[in-house]
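First, the structure itself, so that you have it in front of you.
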Amino acid sequence: MLRNMHLSAAMKLLLSLLVLLLAVSSATVAAPPPSSVIVVGAGLSGIAAAKTLHDAGIKDIVILEATPKIGGRLSKVAFAGKTMEVGACWYFGGGPQHNPLVDIANSLKLNTYPTNFGNLSSNTYKQQGGLYPKAEVDAALGAGAARAQFCTNLSTTLNSNPRSDQDVSVMGAYLLYKQVPATPLEMVVDYFNNDYIDAQAPQLTSVKHKYPRHELVDHGVNFNYVKDPRGFESMAYHIADQFLKKGDPRLKLNKVVREISYSKKGVTVKTEDGSVFEAKFAILSASLGVLQSNLISFKPEFPMWKRVAISDFSMATYTKIFIKFPHKFWPTGPGTEVFFYAHQHHGYYPIWKHLENEYPGSNILFVTVTGDESIRIEKQSDEATKAEAMEVLKKMFGNNIPNPDAILVPRWWTNRFFKGSYVNWPPRYSHEQFQHLQAPVGPVYFTGEHTSEKYMGFATGAYFSGIESANDVIKCLNRKICRAH
């Protein structure tokens, strides 16, 4: 009897050991081997970084993307039978410096249409309806151009002393110039010159670092609107196709990174589904908005210099609201595609564009809102937004316009994988702080449009920053020349 009890206990112990061994064996098989680099995010910057690593011979990489697709804020949505670019929609050409995105677009034979912002003086509507006289709008546009030139000159003066952190907001520059936009007409013109680019109001924008507009000065003012069914995101896919095979196991979609642990030995990345990945380095292409949120925790917590650099920079929101109608009731033809609505409330449904040139017969308008208005609109229902937009359209075109068939309201600010559209440089945020924003923390490197000093907020900034951050990692891996803060 006692012997049988001993045998029974021994069998239980043996079975327990077998179960433990099987569990360990199973975990070992499931865990991927360590890589050289983990790229977090498969937007334009992450894909550009991964390709740069691959081309340099560093092929043991893993790309972890939270969403079901690559491209990030290059994002299309099917709406009313057409492809709408809810993220970036223009790339720029015609300037003195080469824009590599133009080459990619040409390689893809991407279907685009040039946006014409001319003739705005004939397309600016009053708050209660009716067009402003052309001469009055021309005068407002001229005054806006003079303010912009003052901001550019002031920026040159402020940047002439690299050791000085002196700065002023765009609104502060207007006070120095003694010309602050006050009327609805002056404000909508100023919105076009500032918010429409920066996605935030002039009082939240640095003159020193946002003037002149480097993207437009360097790459040109040819606004190429993407109207291709493959979408702007096809640029990211084009880059990916050059180094990733179909079904390449190095690209892992729907992998939401929640924790990054780092030390001198490397990084460990944990995702929401329980997967664990290890590497010598990580390149983090998450947006600034995500870095400011609690989506990803870092162990140990980033040093104070990094946390302050992240928290003090600005993530802005830029929203294009698309509205489909049964028939068009707005002017079409040359010089009519963009029109202003001047309202006493700054940024209230201010800039409209029809898509008859891009999609003839589509009967689609879109209106751009930014900053606080974007956030306000994201919080309300689509029905409430539709009602507000229709009230504005009735002011411009009369009460007999048709009800819309459909509305599309993107929500970048509330999307936990983006938390906004792109960054804006706030006043008195120093160049040293920006270098802290760019700088790695140990083996964790950073990329994305928010790390591009000249082209932040633009797709070119994302593209260039991906290449630059990858080159930093390559130097550290191959030559032991590692960037420090």
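For all residues, glycine too, the Cβ spot is worked out from N, Cα and C.
Not measured: the values here are computed from a predicted model.
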Which single residue out of V257, V267, V269, V276 does TrEMBL record at the FAD site shared with S45, E65, A66?
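The record-listed residue among the candidates is V257.
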Would you count the other CB atoms within 10 A of the CB of E65 (FAD binding site), including those on all shown protein chains?
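Taking every protein chain into account, the count is 25.
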For the binding-site residues listed here, S45, A66, H209, V257, which shows the highest count of neighbouring CB atoms within 10 A?
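When each Cβ's neighbours within 10 Å are tallied, S45 leads.
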Have a look at the binding-site residues S45, E65, A66, V257 and say which one has the shortest Cα distance to H209 (substrate binding site).
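Going through S45, E65, A66, V257 one by one, the Cα closest to that of H209 (substrate binding site) is S45.
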Roughly how wide, in whole Å, is the group S45, E65, A66, V257 that binds FAD, by largest Cα to Cα distance?
17
Which secondary structure state does DSSP assign to V257 (FAD binding site), in the simple three-class scheme?
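Its secondary structure by DSSP: strand.
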Compute the mean position of the Cβ atoms of S45, E65, A66, V257, which form the recorded FAD site, and then list in sequence order the other residues of that chain whose Cβ is within 8 Å of it.
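Neighbours found: V39, V40, G41, A42, G43, G46, I63, L64, T67, G72, K255, S285, A286, F417.
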